[in-house]
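Undergrad: Below is one structure. I have some questions about it.
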Amino acid sequence: MNESVDLHVEVQEVSRRQIISDELYPFMNSLFLIMTAMFSVPAILFNAMNVFIFCKIGVTDSITVCFLHLAVCDFFTMINVSLGAFFTIFFVLGVPGSKNMATYTFVTAMAYGISQDIAAATTTYIALQRGLCVAWPFLARRAFTKKRSIIVLMVITIFLIGCLIPRTVSYKLIYVPDPTSNSSQILIIHFLDLWNNVTNFYFIFVKIFLVYIQYTIMSICAVAIAIGMKSSIKLKSTSSSAPSISSESKSNHKKASETGMNESSFESPGVSKDGKDSQTSGKEEKDKNVQKREGKEYLVIKQVLIVVLVHIICTTPGIATFIYEMYESRFEF
């Protein structure tokens, strides 16, 4: 009797410390699932659009290869998220034929995990590539070629899938008699003895160790990219605000040449006015092409910075939560 009373008091004391009560949790969980399903469907369409656009314009350089790979990973990630959310909603609502949906959700969660891991590693590679391009532009452009980026992304994908394979084969799906109905069977997950060791390795190495390494690399590269962009903007503003001495000297030189041409009664061969105009227009067109190429490069760097910052912002709460749980005595790893 005393033990049961002490246990009841302990449960009440723990429940008072919870952020969300047991009564409110089902409602919050259902709301979260509905929001996940609503946002995942447009995300699938947008990522499919990104893949189509990248394939249509062609893979021309290293950064395009990386963005295409990232779009494919995000596409499969959001498909698994959407399937998991809908499976859980159908299971909670008791839709006919949804008794195995909880098991399907477990499978889609594993597929979602590997897609998310590959996407995070790809984002890290993009950040590292752009960060090194800011620090050592000439060396980085020779190092990060299209062919090498394809090889790196293939190695990343194969390595992370290889880390998941032991965890995938350490359980199996089996049908057992449904305890609520003797005439049907239900699909359950049967974990093998290898499951605990493999799962611990997977979470410690892939979900903790690699995540911290990726987070550190992306944070450093984001700062480097931001500093590089700031210095580039400052340099352009300084050059544009400087007095246009060269243009004034060119106009004065043009006036003097026109005066000389009026005074002289002949023109030297190969120094006609049309030849000078063609040289000037060719130089202006070359300058425009250089400015256009620099504008595209700046736009790519800005897009990379946005992608990296979004990943950092979304990863920070999970890392902060894990650090809190490490030092929280009530949490058992």
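Cβ coordinates come from backbone N, Cα and C, glycine included.
Bear in mind that TrEMBL entries carry predicted annotations, made automatically and left uncurated.
What TrEMBL records for this protein is below:
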TRANSMEM  31-55  transmembrane segment
DOMAIN    46-333  domain 'G-protein coupled receptors family 1 profile'
TRANSMEM  67-92  transmembrane segment
TRANSMEM  104-128  transmembrane segment
TRANSMEM  149-169  transmembrane segment
TRANSMEM  201-227  transmembrane segment
COMPBIAS  238-249  compositional bias 'Low complexity'
REGION    238-289  region 'Disordered'
COMPBIAS  273-289  compositional bias 'Basic and acidic residues'
TRANSMEM  299-324  transmembrane segment
Undergrad: When you look at the transmembrane segment (104-128) alongside the transmembrane segment (201-227), do they share 3+ Cβ pairs under 8 Å, ignoring any pair fewer than 6 residues apart in sequence?
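TA: In contact, yes.
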Undergrad: What stretch, picked from 31-55, 67-92, 299-324, has the most CB pairs under 8 A with the transmembrane segment (104-128)?
TA: 67-92
Undergrad: The transmembrane segment (31-55): which same-chain residues, six or more beyond its ends, come within Cβ distance under 8 Å?
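TA: Non-local partners: 64, 67-68, 71-72, 74-75, 78-79, 81-82, 85-86, 88-89, 92.
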Undergrad: For the transmembrane segment (149-169), find every same-chain residue at least 6 residues outside the stretch whose CB is under 8 Å from a CB in it, and list them.
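TA: Residues 62, 65-66, 69, 110, 113-114, 117-118, 121-122, 125, 129, 194-195, 198-199, 201-202, 205-206.
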Undergrad: I'd like to know the mean pLDDT over the domain 'G-protein coupled receptors family 1 profile' (46-333).
TA: 78
